[in-house]
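> Quick one: the structure is below, questions incoming.
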Amino acid sequence: MFDVIVLGAGHAGIEAASAAARRGATTALISFSADNIGIMSCNPSIGGLGKGHIVREVDAFDGVMARAADASAIHHRLLNASKGAAVQGPRIQADRRRYQAAVKALMAVSGVTFVTGEVTGLDLSGGAVRGIVLASGERIATRALVVATGTFLGGRIFRGDERHSGGRVEERSAGPLAAHFRDFGLPMGRLKTGTPPRLDGRTIDWARLTEQPSDDLGWTMSALTPARTVPQIACAITRTTAATHDVIRAHLDTSPLYSGAIEGQGPRYCPSIEDKIHRFGDRDGHQIFLEPEGLDDPTVYPNGLSTSLSADAQRAMIATIAGLEQARITVPGYAVEYDHIDPRALAPTLAVRSIEGLFCAGQINGTTGYEEAAGQGLVAGLNAAAHANELTPVILDRASSYIGVMIDDLVLQGVTEPYRMLTARAEFRLSLRADNAETRLAGLAQRAGCVSAERLHHQQRSADQRATLRQRLDRSLTASDIQGLGGRVSQDGARRSAWEWLRFDGIDLDLIAPDALDGIDPAVIREVGEDARYAPYLERQAQEVATLRSEESIALPTDIDYAAIAGLSNEMVARLDASRPISLAAAARIRGITPAALSAVLLHAKRYAA
Amino acid sequence: MIDTIFALSSGQPPAGIAVVRISGPAAFAAAEALDALPRTMRRATLRALRGQRGELLDRALALAFDGPATATGEDLVELHCHGGRAVVAAVLAALATVPGCRLALPGEFTRRALANGRIDLSEAEGLADLLEAETEQQRVLALRSAEGAISRAVQDWLSQVAMLSARIEVMLDYADEEDAGANDAEAIRSAMAALADQIDGAASAPPVERVRDGLRVVIAGPPNAGKSTLLNLLAQRDAAIVSPIAGTTRDRIEAPVVRDGRAYLLIDTAGLTQTDDVVEAIGVDRARQALAEADIIMWVSDQPSPHGEALHVHARADLPGRDHTPADRIGVRRDDPASVTALWEAIAAKAAALLPPADALPLRARHRDLCRAAVRALRDSPADPLLIGEHLRQARSELAAITGVDATEVMLDQLFGRFCLGK
């Protein structure tokens, strides 16, 4: 008997199992094979815009991803380094093997029991999770179950006219489980994603390509990683040509995307190369990023070349690209179509509303990306442990984190394409920075009881330093003082605190208060400097957040019969019925719900409560 | 248990008839408490309304409607009382003592009608105006609102903002991709300013409430200058008491008038004077307040007007020695309807400039506030692309609040529809 069983050892499953164990739950992690633990199925990178934010947020809860990324990072790039910190996205290229090794090492000391096997059945007698059944016939009892099966649920692979059943190339899919899920009456859908061919780096003519070196800014993904340790290597950039596009057009009829074989919707923000040529045919070339998959692995991931054309067409296409003329494909690209559940069937804890003790996380919820999966795994794991052991649930809201934005979007709006995080999705973007994830979430993480002593110490130390530095910036200065320090400001006679001066262009902490920085970590200095720079906007957002949170306090029962509320259109009834918002504010965020509809819902809810 | 609500549903007293509406589960009980409940549903019945101690409040025509087939979807009672202030006050006070009954909040009958499916949601705002429309001009504007003129304009602005957002977001969210292109933050800012001007123009047009509530025409001047007489002449009824005693009008007196399809609210005020009389002083204060809220001022005095834009009226031109009207004034004779018509023409000329043209967007105060907030967001952005993004997001969410669409989704559609993004 376990408190929590996690199904699937990908990025969602790993974080779920680890988080449940950190909260004190006895936890088992089940996968087809130990080789699958922490596997990177697609591109070998972690982080990026919006995604890097999520990695840091998972890290604030003492999660696995950021530390494993640091242990395997062979290339660092801070996207948007020249723009405001809110849209800076830390991203690393990971050495695939080192990443897996790091995850395994962290899991080995996590207290999680690893079980090899295929789950073929669930015991849900009485509408609640009781246990799982393995293909061997063995039954294991549990109080809570987290399903994190990625693309394996009903997975089907497409490449030209080839068809395979499977969640990843040369791996089987979780067929019986998919059938099971449909039997439970959960709302399901199909989505599609794709991956490019992998190349043998020894056959690429690197000398002809533009090199993209790793940055030397020194940042790391995890707050607990003191410094970079792995040797750094460069990526390279090439581009498609008119000849490439000709090859693709000539083979479009072999693409399952255009033959109608694939019914699932693919992601607009990660289109296949066929899609790019088809939709943006006027362009003379598209960039391809060549990303090495490891220090001692010749495999190269050509980012931007996702395709499901036939293997022959892929070879012809590669040969038209500068530097890749002689390149050998080690594994051809393919598209995969898979089952997902409609995430509107989930509560903000990622619990399936209709089955007690069942949680879902990751690609099964209609998302894409390792980071999105990890963020959901964290929340599902924390709440599965809460369910099993009667602890307080952990709900992240839109104002706290990108994870909160993502889960709110998922459970209220559902998905029409694989959901990927973009910073534009966060209305409180200015407040939700990758560099302040710990400040935003440490309190929540500590209250959830899921951080180690080492993490706690670091979080408290940073909090103390922030308070100290902030207080030192209360000193007041005149424009003349600033000019005396070499700052270019206009003489308006006003006296301002150092904190207020920092929002002026060209004024920074080193100029205005170098002595205030004594004993403060560089990361804290950058964070506080950014807070000061955007202070008026952050204050405004803080007010919006206060309004949002007060509106969240008007709870709606989750068993309202929306069809019985006169005056709602059929479409509104369908949307409210699918999402079952927990508050009036959540109902207001559902697309197409008008203010007039909200007042009808509120009135009905009050009547209902009476 | 849902409250039962009541309110005066007809115009402000004094009036010929005052209709008090009671809606909710206790509506019949409340009518019964006043001895006003008819024995037969949906049949007008004369009842003697009585207060708690059995005292007669009024003799009124009472109508009871059993829900849900009523205007609000609930049990509903209408009491058609005499329209005096005291009568209405007494009836409302008596209803307030009935358990479970309270005075309705503004718009609450409509909200209940909405909640109970008696009004269609989609066009509720415009439809409500249409139902209330008393003049031809009100009808035309309300119909345009109901037909979605506002939605179309807002969707157009919203898609322009979304386009600009997409341009800035591609710089922010796709920094490392070539399609993110060059920094065109400055071009985006000038496009924001141009769009702000466009929205501002629509939001600054004369407000549609003037059409709905009537233009406020305030008659002001020193005591005993003939203001109340003028009001009665314009309203063509004895709305105000007229006497030769200075200071007869102590409170403001309002007379709604419809003329040539336009609604006006004529407001007579106490004469502006220095006074030690406490009551008269209050009247003078109210006159000044009315002047501050006036759309058109009619200045009735032989002294020059302190209000530059005022229509200066030379009243009582029929009295001996007053038959000469100075050049810059409009003379009005009690015995000459043509002089009153001429004054109306002068009022109508002013009104034409104050009222929205027939093709104006029928923006309500709520819409205008949201438009102005969007305009501010579009105008005030600094050059930092991150802050441009933030200002555009604010503008998007303000505009989206007018029609209730998802602004982020609109922007993402633009983003992925126009740029080739994603590796």
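The backbone N, Cα and C atoms fix where each Cβ goes, glycine too.
Feature table excerpt (TrEMBL):
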- B:Arg21, B:Glu78, B:Arg118, B:Lys423: (6S)-5-formyl-5,6,7,8-tetrahydrofolate binding site (BINDING)
- B:Asn224, B:Ser243, B:Ile245, B:Thr248: K(+) binding site (BINDING)
- B:224-229, B:243-249, B:268-271: GTP binding site (BINDING)
- B:Ser228, B:Thr249: Mg(2+) binding site (BINDING)
- B:4-118: domain 'GTP-binding protein TrmE N-terminal' (DOMAIN)
- B:121-420: domain 'MnmE helical' (DOMAIN)
- B:216-305: domain 'G' (DOMAIN)
> For B:Arg21 ((6S)-5-formyl-5,6,7,8-tetrahydrofolate binding site), what is the secondary structure state per DSSP, taken as helix, strand or coil?
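Assignment for B:Arg21 ((6S)-5-formyl-5,6,7,8-tetrahydrofolate binding site) reads strand.
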> Around the K(+) site formed by B:Asn224, B:Ser243, B:Ile245, B:Thr248, list the extra residues of the same chain whose Cβ is within 8 Å of the site's Cβ centroid.
B:Pro223, B:Val242, B:Pro244, B:Ala246, B:Gly247, B:Thr249
> Return only the integer: C-alpha distance in Å from B:Ala270 (GTP binding site) to B:Arg21 ((6S)-5-formyl-5,6,7,8-tetrahydrofolate binding site).
34
> Any idea what the Cα distance is from B:Lys227 (GTP binding site) over to B:Thr248 (K(+) binding site), rounded to a whole Å?
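B:Lys227 (GTP binding site) to B:Thr248 (K(+) binding site), Cα-Cα distance: 11 Å.
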> For a quick check of understanding: among the binding-site residues B:Ile245, B:Ala246, B:Ala270, which residue's Cβ has the most other Cβ atoms within 10 Å?
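That would be B:Ala270, with the highest Cβ count within 10 Å.
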> Quick one: which of these binding-site residues, B:Arg21, B:Glu78, B:Ala246, B:Thr249, have their CA within 10 A of B:Asn224 (K(+) binding site)?
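The binding-site residues passing the 10 Å Cα test are B:Ala246, B:Thr249.
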> Within the domain 'MnmE helical' (B:121-420), what mean pLDDT does the predicted structure show?
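For the domain 'MnmE helical' (B:121-420), the model's average pLDDT rounds to 81.
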> Report the DSSP secondary-structure composition of the domain 'GTP-binding protein TrmE N-terminal' (B:4-118) as helix, strand and coil residue counts.
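Result for the domain 'GTP-binding protein TrmE N-terminal' (B:4-118), in helix, strand, coil order: 27 helix, 38 strand, 50 coil.
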> Roughly how many angstrom lie between the C-alpha atoms of B:Thr249 (GTP binding site) and B:Ser228 (Mg(2+) binding site)?
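Their Cα atoms are separated by 7 Å.
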> Ranked by the number of other Cβ atoms within 10 Å of their own Cβ, which of the binding-site residues B:Ser243, B:Thr249 ranks first?
B:Thr249
> Going by DSSP, is B:Asn224 (K(+) binding site) part of a helix, a strand, or coil?
coil
> Drop a 10 Å sphere on every Cβ of the binding-site residues B:Arg21, B:Lys227 and tell me which sphere holds the fewest other Cβ atoms.
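Counting other Cβ atoms within 10 Å of each of the binding-site residues B:Arg21, B:Lys227, the minimum falls on B:Arg21.
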> Looking at the binding-site residues B:Asn224, B:Ser228, B:Thr248, which sits with the largest number of other Cβ atoms within 10 Å of its Cβ?
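Per the Cβ count, the most surrounded site is B:Ser228.
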> Can you count the other CB atoms that lie within 10 A of the CB of B:Glu78 ((6S)-5-formyl-5,6,7,8-tetrahydrofolate binding site)?
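The answer is 23.
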